[in-house]
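If you check TrEMBL, you get these features:
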{"type": "DOMAIN", "residues": "17-405", "note": "domain 'Major facilitator superfamily (MFS) profile'"}
{"type": "TRANSMEM", "residues": "12-30", "note": "transmembrane segment"}
{"type": "TRANSMEM", "residues": "42-66", "note": "transmembrane segment"}
{"type": "TRANSMEM", "residues": "78-97", "note": "transmembrane segment"}
{"type": "TRANSMEM", "residues": "103-123", "note": "transmembrane segment"}
{"type": "TRANSMEM", "residues": "144-163", "note": "transmembrane segment"}
{"type": "TRANSMEM", "residues": "169-190", "note": "transmembrane segment"}
{"type": "TRANSMEM", "residues": "211-234", "note": "transmembrane segment"}
{"type": "TRANSMEM", "residues": "254-272", "note": "transmembrane segment"}
{"type": "TRANSMEM", "residues": "293-310", "note": "transmembrane segment"}
{"type": "TRANSMEM", "residues": "316-340", "note": "transmembrane segment"}
{"type": "TRANSMEM", "residues": "352-373", "note": "transmembrane segment"}
{"type": "TRANSMEM", "residues": "379-399", "note": "transmembrane segment"}
């Protein structure tokens with residue numbers, strides 16, 4: 001009786017753990033997309049061109065990408081409690097540095113430090129979910145954790161646009177740094193390890209080279225490039241696109257930017273129940289993730305290409321909302337796919353390899369977009385390029401997973 005009660009408490013407490021991860025994921029994306037709200041103001045204050053601004057916007061993704069493999073190995077080998085706490089503290093310091101920045105170089109360094117700090121979060125968090133939830137329960141928790149990133153992108157323009165328009169972008173970053181410290185204290189205080197029943201009885205040896213050499217790992221990486229490229233396109237440039245092309249204030253642009261991001265959040269949430277329903281129909285877990293992923297990424301590509309050709313602002317917002325809905329759905333399916341094609345002891349490392357591809361997309365999205373805008377001023381060309389990259393990534397997923405499974 002006592003054992004059953006303890007088991008029930010453990011099953012209930014896993015939702016506390018999931019809630020903590022959702023808060024951390026949301027704050028992480030508020031932090032990483034904050035610069036998109038203030039990028040024109042920062043460019044004005046430091047006299048930056050679109051190309052220079054694009055390089056600064058990409059500095060986070062460079063650092064994030066380089067740290068993925070080390071972060072994945074750490075997440076597979078060490079306690080998530082202290083790894084996520086350290087992650088939160090580092091990125092809190094990074095945001096405070098942005099808040100006191102007196103040069104573009106300081107912004108670049110602080111953004112890189114933010115990338116280092118945030119690198120372990122989604123890897124360690126996914127590992128935690130696989131420890132608390134079994135394979136048939138995992139789709140919805142992973143979708144919620146993944147969607148917390150989109151929720152952060154919803155809240156960022158709403159909250160930060162208000163702060164930046166009244167007290168300036170320096171204050172915005174200081175507030176975010178303090179918020180990260182609060183979340184870090186909450187995590188270290190409330191986290192506890194999973195019950196013994198949820199931990200594999202015998203730990204398998206860790207083979208990094210074998211994981212790295214598996215074709216499926218690199219299919220995941222190549223496919224995720226397009227998903228994150230699209231997310232970074234909208235996170236970095238959507239507010240400034242609305243300001244520049246539709247001649248509206250930073251505050252109004254921030255509010256309007258939140259609507260497409262909200263649909264990205266809905267798409268991310270929808271992915272989990274969709275996968276779970278397909279799995280419940282005895283569709284193999286890989287197929288349950290794979291087909292929706294390919295379709296969603298193609299649709300995100302198409303709507304991104306069409307968006308800048310809409311004739312009025314409401315149509316643009318609707319088309320971009322559709323694009324981010326499908327992008328959120330693709331992201332959840334891709335992230336869940338990584339957990340079902342990997343062994344339990346290598347989940348974080350496989351996700352890290354996938355995230356290298358995603359981070360590369362995050363690196364090149366602001367640089368390519370900034371370069372196109374600097375040379376041609378053409379948002380249709382910039383968004384068409386993004387759509388083409390996403391379509392190529394969908395093809396990599398569509399053909400590559402099948403080929404990798406046959407090999």
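Positions of Cβ are set from backbone N, Cα and C atoms, glycine also.
The average pLDDT the prediction assigns to the domain 'Major facilitator superfamily (MFS) profile' (17-405) is 85. Highest Cβ contact count with the transmembrane segment (144-163) among the listed stretches 12-30, 78-97, 169-190, 254-272, 293-310 falls to 254-272 (criterion: pairs under 8 Å). Contact between the transmembrane segment (78-97) and the transmembrane segment (169-190) holds: at least three of their C-beta pairs are under 8 Å, each pair 6 or more apart in sequence. With a cut-off of 8 Å between Cβ atoms, the residues of this chain six or more beyond the transmembrane segment (169-190) that come close are 16, 20, 23-24, 27, 30-31, 34, 37-38, 41-42, 81-82, 84-85, 88-89, 91-96, 98-101, 160, 163. With Cβ pairs under 8 Å as the measure, the transmembrane segment (316-340) is packed most heavily against 254-272, out of 12-30, 211-234, 254-272, 293-310, 379-399. Outside the transmembrane segment (293-310) by six or more residues, the chain places 223, 226-227, 230, 233, 245, 267, 271, 316, 318-320, 322-324, 326-327, 329-330, 333-334, 337, 379-380, 383-384, 386-388, 390-391, 393-394, 397-398 with a CB less than 8 A from a CB of the stretch. Cβ atoms under 8 Å from those of the transmembrane segment (254-272) belong to residues 37, 139-144, 146-147, 149-151, 153-158, 160-162, 164-165, 231, 234-235, 238-239, 242, 248, 292, 296, 313, 317, 320-333, 336 of the same chain, restricted to positions at least 6 beyond its ends. Taking every listed stretch (42-66, 103-123, 379-399) in turn, the largest tally of C-beta pairs under 8 A with the transmembrane segment (211-234) is reached by 379-399.
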